[in-house]
2 protein chains.
Amino acid sequence: MEVFERTFEESVSSFKEMLHNNRMTRFRTEFQALHNYDQAKIFAEFDADERNKVYQYMAPSEVADVFDALEGDDLHLSEEYFLEMENVYAAAVLGEMYADNAVDVLNNIDNREKVSLYMHLMPPKSAREISQLINYLDETAGAIMTTEFVAIQEDYTIKQAYEHLKEAAAQAETIYYVYVIDENKRLKGVLSLRDLIIYDDNRLISELLNPKVISVQVNDDQVEVAKMVQDYDLLALPVVGFDHELLGIITVDDVLDVMQEEADSDYSGLAAVDVNETHDSPFDASKSRLPWLVTLLFLGMGTATLISQFEGLISSAPVLSSFVTLITGTAGNAGTQSLAVAIRKLTNKNEDDEFFSSFSFELLTGVVTGLVVGTTIALVAGIWKGNFFLGLIIGIAMASAIVVANIAGSLIPKLMVKFGFDPAVASGPFISTLSDLTSVFIYFSIARIFISYF
Amino acid sequence: MEVFERTFEESVSSFKEMLHNNRMTRFRTEFQALHNYDQAKIFAEFDADERNKVYQYMAPSEVADVFDALEGDDLHLSEEYFLEMENVYAAAVLGEMYADNAVDVLNNIDNREKVSLYMHLMPPKSAREISQLINYLDETAGAIMTTEFVAIQEDYTIKQAYEHLKEAAAQAETIYYVYVIDENKRLKGVLSLRDLIIYDDNRLISELLNPKVISVQVNDDQVEVAKMVQDYDLLALPVVGFDHELLGIITVDDVLDVMQEEADSDYSGLAAVDVNETHDSPFDASKSRLPWLVTLLFLGMGTATLISQFEGLISSAPVLSSFVTLITGTAGNAGTQSLAVAIRKLTNKNEDDEFFSSFSFELLTGVVTGLVVGTTIALVAGIWKGNFFLGLIIGIAMASAIVVANIAGSLIPKLMVKFGFDPAVASGPFISTLSDLTSVFIYFSIARIFISYF
C-alpha cells in the first residue's frame with residue numbers, strides 16, 4: 001500500500017528543502033502528520049546540519065517519538081545523533097523515550113562519560129527506569145522489557161482501576177492489560193482492558209482478576225518469551241524477578257522484532273553469511289563472507305589431503321574419480337537436512353526431544369534414505385559403466401556416507417549447545433564440508449577393499 | 001500448425017493498416033474471425049493510437065473476450081491499456097470479463113483510485129463477484145483477516161463510540177482499535193481504545209480520528225502484511241477492498257504465526273527439508289526427505305558424467321583429483337552465501353534492490369572473494385605439491401568457479417520469482433549441486449589447457 005502520497009525520495013527532498021529554507025511551521029505540520037516509523041526513516045536521511053535544524057524545530061518529546069521508532073541499522077547511528085545534540089536536549093529526549101528503547105540507544109553509545117552525564121541530566125524517574133534495565137543480559141526478557149506498565153492493588157474497584165488506567169494511559173507503553181500486585185509488588189493476577197470495560201464499575205478487582213497470569217523470569221531467553229507470546233496470543237507478557245515481583249512487561253511489538261532477529265540469525269547460520277548484510281561495496285560484503293569461506297577452505301584441505309593418499313588407487317581405476325563429487329555432494333545434502341531439522345528442534349526448544357531417541361531416529365532415517373539412494377546409484381552406475389562391482393562399491397559408499405552425514409548433522413548442533421555455543425552457527429556449508437571428509441574416506445576405503453575384484 | 005494464412009507479422013501489419021485507414025468494417029470482420037488468443041497476441045502489437053481505434057471499433061464485450069485471453073507478460077500491460085480507455089468503457093470491459101481474469105487484470109493496476117472507480121462504474125453483480133474472489137487468495141491479507149472488528153460512523157461522539165465498543169467487546173476479535181467508515185463502508189480513519197479513554201466523552205469522532213490509517217489491500221501478500229504490522233507496531237491492521245471499503249482486520253497474533261510460517265519455509269527451503277517435520281517414524285521422515293535427495297542425485301549424475309569425460313586427463317595427472325571436492329565444495333559454499341542473501345532480499349521485499357545493480361554487486365563480490373580464495377589455494381597447493389603450475393591451475397579454477405557460483409546464487413532466485421515460483425524453494429543443496437557441475441567443468445577445462453606444462 002501507499003504510505004506516502006509522494007515517493008519516499010520525494011518526501012525526503014521536500015523536507016530537506018523546508019529545513020534549508022527555514023520553513024519551520026511547514027516542516028512541523030507536515031513532519032508531525034507522518035507516522036513515527038516514517039518520520040524515523042526520513043530522519044535517517046538527513047545530514048548533520050539538517051538534523052541540527054530538526055533539534056531546533058522540535059521538542060525533545062517529539063524527537064523522542066521519532067527515536068522510539070528507530071530500528072536496526074538506523075539505531076547504530078544513534079551515538080552520532082545524540083553526541084551532536086546539546087547535552088540537556090539529548091538527556092531530555094532519552095528521558096521522554098520508552099525506557100527499553102532508551103536503553104537500546106544508550107547501549108549504542110560508546111562514550112561512557114556522555115552516557116552518565118545524560119543519566120544525571122534526565123528526570124530521576126526515567127534515569128531509575130533506565131538503569132534498572134541497562135544491566136540485564138542481552139537477549140534476555142529483562143533486556144527487551146519496558147518498566148512502563150499499569151499495575152494496581154487488588155482492593156480496587158473496576159471504576160478505580162479504570163480511573164487509574166486513564167491517568168496512566170499517556171505514559172504506559174501498553175494499557176491493554178492491568179496487572180494486579182500485592183504490597184510487595186508480587187504479581188497476583190491480570191485483567192484485560194476488555195474486562196474493565198465489560199464489568200460493572202463497582203465490582204472488586206480481587207474477585208474478577210485472573211490469577212493464572214502467564215509470566216517469564218527476567219533472565220529467560222528472548223526466544224522463550226517470543227514462543228510464549230505467540231502460543232498464548234498475548235499483547236504483553238509480564239516479567240517477574242526471583243521473588244515473583246513484577247519488574248516489567250514485554251509488548252508484542254518487541255516480540256515481532258525478536259522473531260525477525262532470530263529467524264534471520266538461524267537463516268544466516270545455515271548459509272554461513274549474514275543475510276542482513278547491507279554492505280555499501282562488494283568489498284565490505286566480501287570481508288564479511290571471506291572468513292567462513294577461508295575457514296571452510298582449510299577444512300576442505302583435509303579432504304584434498306585424504307584424496308591424495310588414494311592417488312595410486314585412482315590412477316589404477318580412474319573411473320572412481322567420476323563419482324567422488326556425487327557421493328560427497330549427496331551426503332552433504334543429507335547432512336544439511338538433518339542439521340536443519342536438529343537446529344530448528346533446538347531453537348524451538350522442544351524439550352520433549354530426547355537426546356538418544358532423536359539420535360537413533362536420525363540414525364534410522366539415515367539408514368533408510370541411505371539404502372534407497374545407495375541402491376539407486378548402485379544400479380545407475382552399474383548399468384552406466386557396465387560394471388556392477390563398481391556399482392556395488394559406489395552404492396555401499398553412498399549409503400554409509402549418508403548415514404554418517406545424517407548422524408553428524410543431528411549430533412553437532414546438540415554438542416554445540418552442550419558446550420554453550422549457538423547451534424545455529426553450525427552452518428550447512430560447515431556440515432557438508434565436514435561430511436566431504438568422511439564420505440571420501442568411506443568411499444576410497446571401500447573401493448580399496450573391492451579393487452581386487454575388477 | 002499454421003494459425004494464420006499469412007505470417008503473424010503480415011497479419012499484424014495488415015490490421016495496423018486497416019486501423020490507420022479507418023477501415024472499420026473490414027477490421028471488425030477480419031479481427032472477429034480470429035481466435036481470442038490470436039486477437040490478444042495481435043492486440044499486444046498495437047501502439048496507443050491503434051488501440052484507441054480498436055476501442056472505438058469494438059464493443060466492451062468484444063474487447064473483454066480479447067482481454068480474457070491475455071496472458072503472462074501481456075497481462076502486465078493491462079494497466080496501460082485500461083488507463084487509456086474511457087473510465088466507463090474500461091469498467092464495462094472489466095464487467096464483461098470472466099471475474100477471475102478481471103481480478104488478474106485489476107491486480108496489475110497500481111492506480112488504486114482508478115480501480116475503485118471501475119468497481120463503481122461496473123454492474124454491481126460483477127463488482128461483488130470480483131471483490132469476493134479477491135478475498136480468498138491463499139497467503140494474502142484476505143486469507144488471514146477476520147471480519148469481526150469494531151467500526152463506527154464519524155458523526156459519533158466519544159461516548160457513543162465507547163458504548164458501541166462496549167456492546168461489541170464480547171464479539172469482536174480485538175477492541176483496541178475502532179475503525180471509522182463512511183456510509184459506503186469506506187475506511188475513513190482509526191481511533192485506538194486509548195484515544196477513547198483519554199478524550200472527553202462529548203467530543204466528536206470526526207475531529208479526533210486519525211485519517212492516515214495504515215491499511216493493506218485484501219490481495220496483498222501476507223509477508224507485506226507482517227512487515228507492515230512489524231514496522232508500524234500495530235496490534236491490528238485493517239484490510240480494504242478495491243473500493244477502499246473495510247473488509248476485515250488482521251490481528252497481531254495472526255501476524256506472529258505468519259512470521260513463524262515464513263521463517264520456517266525459508267529455512268526449510270535453504271536446507272531442502274521440512275524443518276517442521278513431526279514424523280512418527282524414520283520411514284515417514286525419509287519419505288519426505290528422499291524426493292529432494294534423489295532429484296539432486298540425478299542432477300549430480302550430470303557432474304559424474306562430466307568428470308568421466310576427463311578420465312584420460314585424470315589418469316595422466318591423478319593429482320588433479322585431489323582438489324575436485326575442494327573446488328566444488330568451496331564454490332558451493334560461496335553460491336549458498338549469495339543465494340541466501342538474494343532470497344532474504346526478495347522475501348523482505350526490498351523494492352530498492354535493482355536487478356542489475358545487485359547482479360553486478362554479486363559479480364564483484366564473487367571476483368573479490370574468488371581472487372582471495374583462489375590466491376590462497378594457489379599458494380597452498382603450489383607449496384604442498386611443490387608445483388606452482390598446478391597451484392595456478394587450481395587457483396584460477398577456484399576463482400572462476402566462485403564467481404560463477406556467486407552469480408548463479410543471486411540470479412536463480414530472481415529468475416524463479418520472474419517465472420512465478422517461490423524463490424525459497426531454490427535450496428542451498430540445489431545451488432551447490434548445480435555449481436558442482438560448472439566448477440568441475442571449469443576446473444578440468446583449465447587443467448587440460450595447462451596440462452602440457454607439467
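Each position is counted from 1, following the chain as shown.
Quick reminder: no glycine exception, Cβ is built from N, Cα and C everywhere.
Note on the domain 'CBS' (A:145-207): its mean pLDDT in the predicted model is 89. What TrEMBL lists as domain 'CBS' is A:145-207 (among others).
The domain 'CBS' feature in TrEMBL is assigned to A:209-265 (among others).
Cβ atoms under 8 Å from those of the transmembrane segment (A:290-307) belong to residues 272-273, 314, 324, 328, 427, 429-430, 433-434, 436-437, 440-441, 444 of the same chain, restricted to positions at least 6 beyond its ends. TrEMBL lists A:290-307 (among others) with the feature transmembrane segment.
What TrEMBL lists as transmembrane segment is A:319-343 (among others).
The transmembrane segment annotation in TrEMBL covers A:363-381 (among others). For the transmembrane segment (A:363-381), the residues of the chain that approach it from at least six positions outside its boundaries are 323, 326, 330, 334, 338, 387-388, 390-392, 394-396, 398-407, judged by C-beta separation under 8 angstroms.
For A:388-409 (among others), the entry in TrEMBL reads transmembrane segment.
What TrEMBL lists as transmembrane segment is A:429-451 (among others).
Beyond the ends of the transmembrane segment (A:429-451), by six or more residues, the same chain brings 271-272, 292, 296, 299-300, 302-303, 306-307, 309-310, 313, 316-317, 320, 323-324, 327-329, 331-333, 335-336, 339, 389, 392-394, 396-397, 400-401, 404-405, 408-409, 412 to within a C-beta distance below 8 angstroms of the stretch.
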